[in-house]
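S.K.: Handing you this structure, nothing more for now.
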Amino acid sequence: MDPLEDKELISKPTNPAKHNHPCQSPTKNNINPFSLLLQPFQWLHMLSTHLTPSFVIGVALVYGLGQGFSGSLFKVVTDYYWKDVQKVQPSAVQLYMGLYYIPWVMKPIWGLLTDVFPVRGYRRKPYFVVAGVLGGVSALMVALLGNLPVVVALICLIVLTAGMAIADVTIDACIATNSIECRELAPDMQSLCWFCSSAGALVGYSTSGVLVHHLGAQAAFSILAVPPALFIVLGFVIHESKAMTTLHPQKKEKTEALESLGVAVTGMYESIKCPQVWKPSLYMFLSLALSISTHEAQFYWYTDPKDGPAFSQEFVGVIYAIGAAASMAGLLIYHKTLKDYPFRHILFFVQLLFAACGMLDLIFVLRWNLALGIPDYFFIVAEECVVRIITRIRWMPMMVLSSRLCPLGIEGTFYALLTGIDSLGSLSSKWGGGFVMHLLNVTRTDFRNLWLIILIRNILRFSTLCFIFLIPNADHSEDLIPLDILKKNSAANVDDDDDDEQEGMLQLVIKKEKLQV
């Protein structure tokens, strides 16, 4: 098939009438408060029409209730759990938090499982159920089994994050597939994901301080069992076509799984060594790893009655809740004004602002805000708003870029690989920050060198700008992967699908290529 026809086939919607979705016309013709109020609902209706309603619901559950609500509550509850229940040092907590990222670093493995090892003919449904069981059981163990040894508690929390990572990679596989089939909707899908995440985080942070205060850090883990339970329900209701089987289904499925595994691994290797793929992946890793985390040291300082501002549990939740609302504002800014600009331009200026606003932490820790007559409560709220807006704008183009770097046929696995690289960067950030804390002797009660750690972190953030050339100078609609890489993985999967017609329902573009040829 001609490359121009291939490009047109991928980008062109199957139903031209649907392309003029209802959220476009009010923006252009009817500028009034009522139409503006309806636009979010029209936008959701448009996504449900082009995709499926169960997909939109799945994104809302995994990103909104899972990553947003559960992730925000998990952050606050575990901070107080390690500080007040287990009574460990901030540098040790940074090490433990780094271990939380191991299941996220393993996302390529979860992606391979969902892509090439179906259960009873389904590639997505069973893994939502597995994620729910792992997360729910682990959360209830921490909440109900009393004072656990540190090692046992840490294992439970890692398994809890593993459940979230499996649910995340499963829904991400659907997102990556839809981003290729409907490339014009790729920014919209990322906007939906992170709007749900920010909205869930707003609710989670708003209630976290109250829950910790009234239930205690340990008992609050019982609330974290609710989202995994809903993942189990999602596994039964989300739309997925069952693969057809032949006379020897078990033998056939095993053979196909092994063949698909080889194709996926080969395709990942061929794709990741492409400069258009590994360069931006390296930048995303460095931008996260070089920004060493100082979160635990700052959290201990925030709540310290002697050296810090001694914020209460409720106010810590309020700070994070305001930050979640600011994240939604950053998402809106990106979606409305920045999503059509080239990736390199956006990431350069946002990284510059991200490094500069890190100096606000330095001003706060050195107490210069009091010298300027700015109260602690006002300063931390203003700082949180600025940081969260910039962080969200910085994160969005990297996620869109990751979804656009995925080749056809292994998009779920490869998207998991790219986001796993991001998680490896976050793990490096946590462990790097913990190492610097230990080196500079920042403890539960000694914060004399906290300002120096923040200064080192900010200098490293500025150094990331030296690697901006790794990001492609392309906009969100341009082709980023060479056509030979795209068609190589696509052709391999067409061969695998010859005896399994229904499996092609998850890879609509590949099936159309087959029909055209």
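Positions of Cβ are set from backbone N, Cα and C atoms, glycine also.
As annotated in TrEMBL:
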{"type": "REGION", "residues": "1-24", "note": "region 'Disordered'"}
{"type": "COMPBIAS", "residues": "1-10", "note": "compositional bias 'Basic and acidic residues'"}
{"type": "TRANSMEM", "residues": "127-145", "note": "transmembrane segment"}
{"type": "TRANSMEM", "residues": "151-171", "note": "transmembrane segment"}
{"type": "TRANSMEM", "residues": "192-213", "note": "transmembrane segment"}
{"type": "TRANSMEM", "residues": "219-238", "note": "transmembrane segment"}
{"type": "TRANSMEM", "residues": "282-303", "note": "transmembrane segment"}
{"type": "TRANSMEM", "residues": "315-334", "note": "transmembrane segment"}
{"type": "TRANSMEM", "residues": "346-366", "note": "transmembrane segment"}
S.K.: Any contact between the transmembrane segment (192-213) and the transmembrane segment (315-334), i.e. 3 or more CB pairs below 8 Å with pairs at least 6 residues apart?
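M.R.: Per Cβ check, the transmembrane segment (192-213) touches the transmembrane segment (315-334).
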S.K.: Under a Cβ pair cut-off of under 8 Å, which of the recorded stretches 151-171, 219-238, 282-303 contacts the transmembrane segment (127-145) most often?
M.R.: 219-238
S.K.: Based on Cβ pairs under 8 Å, which of the stretches 151-171, 219-238, 282-303, 346-366 lies most in contact with the transmembrane segment (315-334)?
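M.R.: The stretch with the most contacts is 282-303.
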